[in-house]
Structures are given as C-alpha cells and as structure tokens.
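One structure is given here, and the rest of the page talks about it.
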C-alpha cells in the first residue's frame, strides 16, 4: 500500500445544540437568528442569544407556575387565559412588567370598591326590613298589624 495517511482518522464529535450547552429549553439558535433578522444591531455577540433565551425561559416558567397555582385554586386541571390573567395581575412585579398588556379572554380581577359596599348598620336594618316585607300577610295577622300600626302611630304631646 501506498502509505498516504491514515485510513481511520478522528470521528467527528456529535453535534450539541447551544441550548443544551447552556442547559436551556428555549432555542438559542432560533433566538440568534431572530436577533440577526430583526436588525436590532449590526453585530450580535455569541452570548446575547443565550442570555435572552434564558431570560425568556425564566419569565415563561414563572408565569406558568403562578397560572398553574391559579388553575389549581379554581379546581381546574387546564390553564386557560383567565388563569394567566389572575397570575399576572396578582403578582406585583409581573403586573408592573405587563401593565400595558391585555390578555385576551382574561377578564378582570374581582374587586368591589369599599365605598360601594353597604355599611354594617344599614345592612342590619335593611335585612330586618326585607325579612319583614317578605313575610306573607294572613287575614288573622292583618287585624293585629292594623292594631299595631294604630298603637305605634305618633301621638301629639301637649
């Protein structure tokens, strides 16, 4: 044989994605491509897409955890937009971050302004009045009611 080099050579190492190198679930390569195509800057460093993918993954995980808790509180096994809305609006920092964001089909937080709530003294009187008004009046009770009205009528004091 001619002896022109080795027959085997080194086998090429198996390709490892940048996401797996960084220990992320979000795609670093896709984020890098989107940064380049978006014309955000002339040059994009190698660490920028890794950092951005890590931040996006963290925010997604945080929101999904809180939404999962909201779904569990409502005895549901599926996260719907309402649970996302409750999760974001009940968390002070996420609410500040997503303050100008509208979540479709999210609804609003349950909230009744204190001024609109009935006062405790009024509530007791109105409940008693409603209870008395709701009682059916029988013929026997009518006579006693008339007698009560006559006895409680204002009397002129001399």
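From the backbone N, Cα and C atoms, a Cβ is placed for every residue, glycine too.
Nobody curates TrEMBL annotations by hand; they come from automatic prediction.
Taken straight from TrEMBL:
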- 1-22: region 'Disordered' (REGION)
- 7-19: compositional bias 'Basic residues' (COMPBIAS)
- 9-89: domain 'Core Histone H2A/H2B/H3' (DOMAIN)
- 92-123: domain 'Histone H2A C-terminal' (DOMAIN)
Per-state residue totals over the domain 'Core Histone H2A/H2B/H3' (9-89) - DSSP helix, strand, coil: 51 helix, 0 strand, 30 coil
The domain 'Histone H2A C-terminal' (92-123): DSSP-derived helix, strand, coil residue counts: 13 helix, 0 strand, 19 coil
Model confidence over the domain 'Core Histone H2A/H2B/H3' (9-89), averaged pLDDT: 96
